[in-house]
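Engineer: What TrEMBL records for this protein is below:
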- 118-128: compositional bias 'Basic and acidic residues' (COMPBIAS)
- 129-153: compositional bias 'Polar residues' (COMPBIAS)
- 161-173: compositional bias 'Basic and acidic residues' (COMPBIAS)
- 28-90: domain 'T-SNARE coiled-coil homology' (DOMAIN)
- 186-248: domain 'T-SNARE coiled-coil homology' (DOMAIN)
- 112-173: region 'Disordered' (REGION)
Amino acid sequence: MTYPRTRWSLVVYEKEVSDMEKNKLQTSKVTKESVESTRRMLQLVNECEDAGVNTLRMLHTQGEALKRTEGALEDIDADLRDGEKTLKRISFMNKVPLIFLPLYLMLKGEPPPSPLPRMEDQSQRDVQPKNQNQRKPAKQGSSKSMWRSSKGNISLPLEDLPSKHGGLLDKKNDNTDRFFMRITGDEEEDEIESNLNVVSKHLTELKEHAKLMGSTVSTQNYQLDVIHTKAENNESKMIGVSQKTRKLLGDSSDSSISSSPNCLRCVIS
């Protein structure tokens, strides 16, 4: 736009130039504030993602502890069942003469009582694990190491936990949509666009983390209910075994001492 060379036209031109400079300065100020804002947003989502990854790892460790607890309760239940069988055999031997014991066991299909084992055999038997069919734990670092819940649902493997930068959505395409209309096309606008794209990706990953946390917590809550039920059953069985043992000890005090070796031989067998 050209102006005639008059005093008034120069004043108007200088005013318009000063207004344009003010607008440029204001635009530059807003752009810098936007860049700083996107940097703070990126820092916050990175901190949130780190917290989410740590939470998932803690949930995985807690799931492993619950699995070990449930296995220990199953071992206790098996030991209590063996104790109940032994108490029943001892109670039967206190009531039935020993001469009829092999015939009774033959009718039940059980092997007759064997002689007392030697100390070496007993020590070797104690060294062997109680449950031969117990499932071996998976090796660390294996791609198939994962823990199962009581429902049979597979939880998140330790290797597939989301990393600090990336995670569950690494295989998905990045969000390259533009979030604002470019005006100057300078480096600051490029940084704003890049930061907003990264923030959008992290927010999507945080949403997936939240869903995974919810499903894992629900599975572990069910596992806690199962552990509580098994613990109550073991407690009731333990009380019953204790009562039977006290009753049997009271009955055996009236029996003759000569039958004690035979009873011990049958118990050990």
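Backbone N, Cα and C define each Cβ position, glycine as well.
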Engineer: When secondary structure is assigned with DSSP, how many helix, strand and coil residues does the domain 'T-SNARE coiled-coil homology' (28-90) contain?
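Structural biologist: Final tally across the stretch: 63 helix, 0 strand, 0 coil.
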Engineer: DSSP-wise, what's the residue breakdown of the domain 'T-SNARE coiled-coil homology' (186-248) into helix, strand and coil?
Structural biologist: 62 helix, 0 strand, 1 coil
Engineer: Please work out the mean pLDDT for the residues of the domain 'T-SNARE coiled-coil homology' (28-90).
Structural biologist: 90
